[in-house]
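TrEMBL lists Gly90, Glu91, Ser92, Gly93, Ala94, Gly95, Lys96, Thr97 with the feature ATP binding site. Per TrEMBL, the feature domain 'Myosin motor' maps to 1-387.
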Amino acid sequence: MTRLAYLHEPGVLRNLKSRYGMNEIYTYTGNILIAVNPFQRLPHLYNDHMMEMYKGAEFGELSPHPFAMADRAYRLMMNYGISQAILVSGESGAGKTESTKMLMQYLAFMGGKVESGGRSVQQQVLESNPVLEAFGNAKTVRNNNSSRFGKFVELQFDQNGKISGAAIRTYLLERSRVCQISDPERNYHCFYMLCAAPPEDRERYKLGDASLFHYLNQSNCIKLDGMDDSSEYIATRRAMDIVGISSDEQDAIFRVVAAILHLGNVEFSEGSEADSSVPKDDKSQFHLRTAAELFMCDEKSLEESLCKRVMVTRGESIVRNLDSRAAALSRDALARIVYSRLFDWLVNKINTTIGQDPTSKLLIGVLDIYGFESFKTNRVSSSSVST
Ligand SMILES: Nc1ncnc2c1ncn2[C@@H]1O[C@H](COP(=O)(O)OP(=O)(O)OP(=O)(O)O)[C@@H](O)[C@H]1O
């Protein structure tokens, strides 16, 4: 790009377009790699043979490629003993997560240890992707599998350049999506997966079709072309096994997911006292009872926590009734906070299983932060991510 005679926007775009027309989706501009989403699988670009080619090749000697970026970071770290960071940024749907996976694939190839038994750190980092995607990705207008959280993966290396530990840190999970979605978007994948689980699991969590749940049926998009939620459920369970989440823990996780769906179906009507509220009807009472069972808490306490507010002042606490609108808001607030705690728990669990190397002085971090989006109505959470 820097060799263009006139470096201006039309020239840059024309260059990218003509390269894209020749299936050259990557272009350098100085040390930066520009990736244009091909929207088709190009397996020949990412196989072992390609990784062998880029290994140790001078930067710029071969065609632009994420492997070249990862190789450069690895070499700089090894030659100068300085930790490196790679920032992957772009609009939603641009291909950041795919590029991040390729960077990780190459770093795992260079720094991977051959384990005699068990799974290596690099395998576990790569295998944590499907779990995080099930709980942190959703269909948006631009991307059927959009990451709704930022992710910083830190790979720790020993003196020989072998991966000795890793940590995954996540940022800014989009909590509002748990309770509020609009056409043609979807909520987080895990909700639909669980509604499409084998009958015995659906029975255990008292679930039915996804379209029965308020947190899912606000949008007409329930099924996704090319994604079979029932096989994704099985695949996610398998991925959870691999990252060391026991079957009891998996049951607890899905209990919470199901409880959130039931909670969302609890509607409120005005109670007998002024400005008070109660579950609207038998249906709401059933969902409240089921949510309490799944959360393993007392039904009455759950109802009170939704329909009343406790204000603690110095020395005393005051209980105030909430009207039906305010009760619905506190229901949504509870769903959001529980889901985001569940997500944080998953990330912690994955980190514990992968294992850290506190002695490591050489790190490569890859930051994949979710992309800019501009809607008709922009919420505070989306604008704070986008700025
Ligand atoms: N290099 C690639 N090869 C093949 N397909 C790609 C590539 N990059 C992106 N895609 C396709 O584009 C889709 C969107 O890419 P990706 O999820 O990486 O976008 P993103 O920038 O991370 O978006 P978001 O910010 O919404 O999470 C992928 O699901 C995949 O189908």
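Glycine is treated like the rest: Cβ placed from N, Cα and C.
Curation does not apply to TrEMBL; its annotations are automatic.
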Check: Which binding-site residues, if any, among Glu91, Gly93, Lys96 have a Cβ under 6 Å from ligand 1, given in order along the chain?
Finding: Gly93, Lys96
Check: What does DSSP call Lys96 (ATP binding site) in the simple three-state scheme?
Finding: helix
Note to self: For the domain 'Myosin motor' (1-387), what's the mean pLDDT in this predicted model?
What the structure shows: 92
Margin query: Just to be sure I understand the packing, how many Cβ atoms besides its own are within 10 Å of the Cβ of Lys96 (ATP binding site)?
Written below: 24
Margin query: Can you tell me how many other Cβ atoms are located within 10 Å of the Cβ belonging to Gly93 (ATP binding site)?
Written below: 18
Next item on the list: Going by DSSP, give the three-state secondary structure for Glu91 (ATP binding site).
Entry: coil
